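Swiss-Prot has this to say about the protein:
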type	residues	note
BINDING	Thr30, Leu31, Gly32, Pro33, Lys51, Asp87, Gly88, Thr89, Thr90, Thr91, Gly415, Asp499	ATP binding site
Amino acid sequence: MAAKDLKFGNDARKKMLKGVNILANAVKVTLGPKGRNVVLDKSYGAPSITKDGVSVARDIELEDKFENMGAQMLKEVASKANDAAGDGTTTATVLAQSIVTEGLKAVAAGMNPMDLKRGIDKAVDAAVEELKKLSKPCKDSKEIAQVGTISANADEKVGTLISDAMKRVTNEGVITVEEASGLEDGLIVVEGMQFDRGYLSPYFINKQESSSIEFDNPYILLVDKKISNIRDMLSILEVVAKEGKPLLIIAEDVEGEALATLVVNTMRGIVKVAAVKAPGFGDRRKEMLQDIAVLTHGHVISEETGDSLEKATQENLGKAKRVVITKDATTIIDGAGEKSRIEARVQNIRKQIENATSDYDKEKLQERVAKLSGGVAVIKVGAPTEIAMKEKKARVEDALQATRAAVEEGVVPGGGVALIRVASKIANSSLKGDNEDQNVGIRVALRAMESPLRQIVVNAGEEASVIANKVKENKGNDNYGYNAQTEAYGDMIEMGILDPTKVTRSALQYAASIAGLMITTECMVTDLPKEEKASDMGSGGMGGMGGMNGMM
């Protein structure tokens, strides 16, 4: 076991605070409409440019191990805020730095760290309740666009795209962000159910100009196994040929003789057929086949339930108004399923989401809900260079998560104003600690709540104290604040400067939680650096060569 290096008391806390300040100072330059970018070096390729707090934090490692522990704990604040609400990472970092700095000053002055933490926790609990009172629902498309605009660094086009996407596919729909091939941003909405499986043979293509297959009013055969023998499908193919309707086969796989026969019959014009692999793997594939069955009023042919493909009838086939198949994706539009069955299926999946433990499972279940109910929207992000593209894509993804948070818990006035209002209300309330040290903890938290506004103002090149005091005057309007972009005072909601309540709440709670742990730290332990032993390369003479000098 490696030997350890230990630091205690103020020595430990000073080192930790130094690490906190290094990371926070790098992150907080990005805050607000006039925040700056940070350039991150990469081990290969071009550096990346970002204005996203958590991206900056994740990239920082310090050489001094004690300082690095402080930086890593602060990094956790940004990561937790990002995981919870998708935004507010820089705000959380600024709040945590302020709480740690003021808290450690109080500890150095002789206050009890545990009581300080209890005071901070009391102030934060009260602040969360006040934020809920200040919050307003966000259902209007205009407000959703404003939240997206603010989160995307005042990019109005991005805010509008996100608002349009949410309107088209509902709040539960899947919205993804992809890189565009050109310079322009755009929105593509896929109606119906789409899954990422394309045609098994290009010979099925019937639209040469788009290299795709398009069927109107097709039958849909769903099979939970590989199909390799064409004889298993003869009865179904006869029914389809007689009716003159196209057939889409969705199975685990279609291979060998079965695929070859389908291709030949399609090319001869005997039947219109296309085959694709079922989406997903394992149990997830079975569930997704059931989703398609419910959507199309079909039945999954599965040996597990005693079904046989040979005995399948027309009653087992699903139907849809239209199907479009490309080499990468299959889209089923306007399935013939009953609305009540689809809704029941959606409710069932929602219950699974509530019980799911992993983020991956939740995401996949959410996608299934969206495909059954809302559809899928793709926001295409364009930029002139790859570096700009990556930076913009990250901003749009943040903005998308922020708008979802706004719809979930509502909005509060942005620009750091909500926390200023909350702090003022708590300061004027009857909130008190059990002792004077707890009261100091409450004051530490309330002072920290001013720090986001102050940092936004500093980044805009203005005097923080003057503007903070003017905003505190309130003028009888809780929404009264300072617009750093236009350098004007006014109603933040009317000016379109909104923050999702969830983002502000999460930033404050995670900042206070981690900062409280740092304040109560008394000892830090790390591995001692290993000393590299220089290999013994000095010549001590070679055995048996003692008389070499005399050879000359």
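Positions of Cβ are set from backbone N, Cα and C atoms, glycine also.
Features recorded in Swiss-Prot, as mapped to the structure shown.
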{"residue": "Thr30", "record": "ATP binding site", "Cβ contacts under 8 Å, 6 or more apart": "Arg36, Asn37, Val38, Thr50, Lys51, Asp52, Gly53, Val56, Thr90"}
{"residue": "Gly32", "record": "ATP binding site", "Cβ contacts under 8 Å, 6 or more apart": "Gly415, Gln455, Ile456, Val457, Asn459, Ala460, Ala484"}
{"residue": "Gly88", "record": "ATP binding site", "Cβ contacts under 8 Å, 6 or more apart": "Ala81, Asn82, Ala402, Asp499, Val503, Thr504, Ser506, Ala507"}
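Secondary structure from DSSP puts Gly88 (ATP binding site) in coil. The binding-site residues considered are Lys51, Thr90, Gly415; of these, Lys51 has the fewest other C-beta atoms within 10 angstroms of its C-beta. Per the record's binding annotation for ATP, residues Thr30, Leu31, Gly32, Pro33, Lys51, Asp87, Gly88, Thr89, Thr90, Thr91, Gly415, Asp499 show a top Cα-Cα distance of 17 Å.
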